[in-house]
Amino acid sequence: MKKQNVRTISLIVCTFTYLLIGAAVFDALESETEKKRWKALSAIENVLINRYNISAEDFKVIETVIMKSEPHKAGQQWKFSGAFYYATTVLTTIGYGHSTPSTVSGKIFTMCYAAIGIPLGLVMFQSIGERVNRLSSVIVHAVKTSFNCKKAIASEVDLILVVTTLSSLTIAGGAAAFSKFEGWSYFDSVYYCFITLTTIGFGDMVALQKDNALNKKPEYVAFALIFILFGLAVVAASLNLLVLRFVTMNTEDEKRDEAQAIQALQIAVKLDGDIITGNTGDSVDERCYERISVINPLTVCHNCPTKFDMTEAGNGCYIDTNYRYPLVDCEMTQLRSPADLRPEGGDDQGVQDFETDDEGLIQPLRFEYHPSRGRASV
């Protein structure tokens, strides 16, 4: 079985195993707390219904009003600042869910906007991530050079360490700011920053959602948007290194398998002056080559991508021999006269020994093939 197939199956198994482990851990950590919270909320609901003699239908209306009014604490969600914040969460696929369109036209435009904006955002963050990695490699190279390190070139490990450190600093700095502006604990702020920059976007904690912040705190709105865009670019740089490494490994395996398959179907030969030496056995029949157009300074077989150096030699020319040429079912019966090898003055002294036809093609070459020796003489 091919390596990339084994890797794909292994990744699928590992992913589902990881999901099962995560489900078990979350069950153990959260299920009991969920039960306790539900019991507490149910008890408070019963107390309110009995104390104020509220019917079940009226209580549901009150619940709906409270839930629907929650986003309005941030101010007008669909004025320009709030709409820009919403557009940012759509394009970056964060999707907090704190504000959603209620009109049919708004929902249609959201789908069309996301269909164009999400690919655009992914390409943009990918490009920025590559630039960040490039800058990081330059910095690492400069630092290593200043310390006279033997290997000054930045390795993948160096770049991963740099962008991971930068991502951690971004989250730590953002958490300090959100803890101050939102009144959250520092741990909750770190949690919010991580959930945001990884585009998970649960929506349980959303910035700019109280004290009419969208309308009264433009500097805080600007900071939150810059943090999201800059932080996503930094995280994209880190993911670019980690994810593309696995993609590259899979591509390398595919190329290696293709090369092995081609090599298995080919019998390499070596051109050595007027001797064709082939890595063949006695079972190989006599074969010959397809026409090669002799073009200075390189010749390329029409069927095979192998290139051969051509140099001047006496009254003719020869194909340099330090190349491997695949023996295939083709006929090298004619060679094009190398016009570029003509000496100064315009005469044909350099190629006069080649007998050519009207099209400038050298007449067919014949050789004797010796399977037992794996060679053929021209």
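Counting starts with 1 at the first residue shown.
Glycine too: its Cβ is placed from the backbone N, Cα and C atoms.
The following features are taken from TrEMBL:
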TRANSMEM  6-29  transmembrane segment
DOMAIN    69-132  domain 'Potassium channel'
TRANSMEM  108-125  transmembrane segment
TRANSMEM  159-177  transmembrane segment
DOMAIN    169-243  domain 'Potassium channel'
TRANSMEM  189-208  transmembrane segment
TRANSMEM  220-247  transmembrane segment
REGION    338-357  region 'Disordered'
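Proximity of distant same-chain residues to the transmembrane segment (189-208), defined by a Cβ-Cβ separation under 8 Å and at least 6 residues beyond the stretch ends, is recorded for 74, 85, 89, 92-98, 167, 170-172, 174-176, 178-179, 181-182, 214, 217, 220-221, 224, 227-228, 231-232, 234-235. Long-range Cβ contacts of the transmembrane segment (108-125) within its own chain (Cβ-Cβ under 8 Å, at least 6 residues beyond either end) map to 87, 90-93, 101, 232-233, 236. When pLDDT values are averaged over the domain 'Potassium channel' (69-132), the model yields 90.
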